[in-house]
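Some features that Swiss-Prot has for this protein:
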BINDING   Asp34, Asp36, Ser38, Ser40, Glu45  Ca(2+) 1 binding site
DOMAIN    60-88  domain 'EF-hand 2'
BINDING   Asp66, Asp68, Ser70, Asp72, Glu77  Ca(2+) 2 binding site
DOMAIN    90-125  domain 'EF-hand 3'
BINDING   Asp103, Asp105, Asp107, Tyr109, Glu114  Ca(2+) 3 binding site
DOMAIN    131-166  domain 'EF-hand 4'
BINDING   Asp144, Asp146, Asp148, Lys150, Glu155  Ca(2+) 4 binding site
Amino acid sequence: MGSAPSKILEDLLDDTNFDREEIERLRKRFMKLDRDSSGSIDKNEFMSIPGVSSNPLAGRIMEVFDADNSGDVDFQEFISGLSVFSGRSDKEEKLRFAFKIYDIDKDGYISNGELFIVLKIMVGNNLEDEQLQQVVDRTIMENDVDGDGKLSFEEFKSAVETTEVANSLTLQCDI
């Protein structure tokens, strides 16, 4: 094994919630998902992960995994993204991931428009746009402590910390 792969492995061991054996199992899983052997997972390959294609937020999840905005998820991004869902990640990590789902433009805030877009993805046509906009406006108004019209991570965290958001972001999976 060369120094580059072992450096990557050491970085993953330091930066994620996985041990060496788990990373190796995930590497094998990644290689199966990477059907064209490109070294990264494209959107179609990502959608083939069990349970992902049925998730309305699958596209946003992939965008959050894709830390370098390349349009594909490489092995390091795959492991880093999955690490958040492990039972060993803390509530703060899970909430930060959830925040990133809403923070579409990655500016560190959830705007009214971003909240609307993500909630629209989740509710589909079950709510009229006007009703959904009322929910969005009320959510921002009730949780925007500093009055800047958008939610910071701390404001988001305060709004959701009493909910089961963090628990729902834990996967009990056989990796």
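Backbone N, Cα and C define each Cβ position, glycine as well.
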Averaged pLDDT score, the domain 'EF-hand 2' (60-88): 93
Local backbone state of Tyr109 (Ca(2+) 3 binding site), from DSSP in three classes: strand
Other same-chain residues whose Cβ falls within 8 Å of the Cβ centroid of Asp34, Asp36, Ser38, Ser40, Glu45, the recorded Ca(2+) 1 site, in sequence order: Leu33, Arg35, Ser37, Gly39, Ile41, Asp42, Asp72
Residues in the domain 'EF-hand 2' (60-88) grouped by DSSP into helix, strand and remaining coil: 15 helix, 2 strand, 12 coil
Least surrounded among the binding-site residues, given as Asp34, Glu45, Asp66, Asp105, when other CB atoms within 10 Å are counted: Asp105
Binding-site residues: Asp72, Asp107, Glu155 - member with fewest neighbouring CB atoms within 10 Å: Asp107
Most crowded position, judged by CB atoms within 10 A, among Ser40, Ser70 as binding-site residues: Ser40
Euclidean distance between Cα atoms of Glu155 (Ca(2+) 4 binding site) and Tyr109 (Ca(2+) 3 binding site), Å: 9
Residues flanking the Ca(2+) 2 site, with Cβ no more than 8 Å from the Cβ centroid of Asp66, Asp68, Ser70, Asp72, Glu77 and excluding those residues themselves: Ser40, Phe65, Ala67, Asn69, Gly71, Val73, Asp74
Residue counts (helix, strand, coil, in that order) that DSSP gives for the domain 'EF-hand 4' (131-166): 23 helix, 2 strand, 11 coil
Shell of the Ca(2+) 4 site beyond Asp144, Asp146, Asp148, Lys150, Glu155, same chain only (C-beta within 8 angstroms of their C-beta centre): Tyr109, Ile140, Asn143, Val145, Gly147, Gly149, Leu151, Ser152
Secondary structure at Ser40 (Ca(2+) 1 binding site), reduced by DSSP to three states: strand
DSSP three-state assignment (helix, strand or coil) for Glu114 (Ca(2+) 3 binding site): helix
